Amino acid sequence: MAYILLIVGFGLLIKGANLFVDGSSNIARLLRVPPILIGLTIVAFGTSSPEATVSIIAALQGNAEVSLGNVVGSNIFNVTLVVGIAAFLYPLMVESETTKKEIPFVLLASGALLVLISDTKLQGLSENLLTRGDGIIFLLFLSIFMYYVIEVGMKSRKESMDEPIPSNIKWGKNTGLTLAGLAAIIFGGDLVVDSGTSIAYDLGMSNTLVGLTIIAIGTSLPELVTSISAALKKVELHWGMWWGAISSIFYLFLGRQLLFRLYL
């Protein structure tokens, strides 16, 4: 039964990704905002919903290994697998702002996490510990990142005010497509993670390994299928989505988890 649910989950992820790319791209045009900004916000947080769901539930249940493993593992897959496949399908144009600001945000998050979980080496403590104070630090980083995104949005909207909007692009239809796609992505991601975890436990894998592999791959599938869909349609959406998703996973979801007292 778990294998059947896994296949159903994959199907929902792929179909939902197509709907979500179509709807969100058209909404960006209606708002006169370039698709890259939608990728940094709506698509980033939307496709990161499976990571949030799994990690927060695991934190509430006191399963730090699965929760943190999912955060770290999913970002590894986003940077390697997602970027690699999408770039192979369609060349990626990297804007200067991406290399100057967005990627450094990701590096800052990774460096901060490495420092905060190195208590035994840096402070001589008996165990590595992530506290609520550490969670607040990540949420502060998120506020800085969102301030930058808002600035980009204001600038982008001014630059795109004169672009004509096709008459066949309607609010109602594209809002429905976006919501339906997001729902399918989240539900499909949950099915993939639940069934994949069940299969992994049957094989005798540890919680940490499950979080780093099965769950991380499962929760990264929305980013993967959405980016592949965007690349095949030649929509300039996926590059900003990756870095927005990676930053939001680290700052928002890890910050929330630590506020729930996630310990290593």
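Cβ from N, Cα, C; glycine included.
These figures come from a predicted structure and were not determined experimentally.
Among the features that TrEMBL reports, domain 'Sodium/calcium exchanger membrane region' is placed at 2-150, 175-250. The transmembrane segment feature in TrEMBL is assigned to 76-93, 136-154, 175-193, 205-225, 237-254.
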*Surrounding residues of the transmembrane segment (175-193) on its own chain - C-beta under 8 Å, 6+ positions past either end*: 5-6, 8-13, 15-24, 26-27, 42, 46-47, 49-50, 53-54, 214-215, 218-219, 221-222, 226
*asked:* Within the same chain, where does the transmembrane segment (205-225) have neighbours whose Cβ lies under 8 angstroms from its own Cβ atoms, ignoring anything closer than 6 residues to its ends? I mean 6 or more beyond.
replied: 9-10, 13-14, 16-17, 46-51, 54, 58, 63, 65-70, 72-74, 76-78, 81-82, 85, 185-186, 188-189, 192-193, 196-197, 199, 241-242, 245
*Can you tell me how the residues of the domain 'Sodium/calcium exchanger membrane region' (2-150) break down into helix, strand and coil by DSSP?*
124 helix, 0 strand, 25 coil
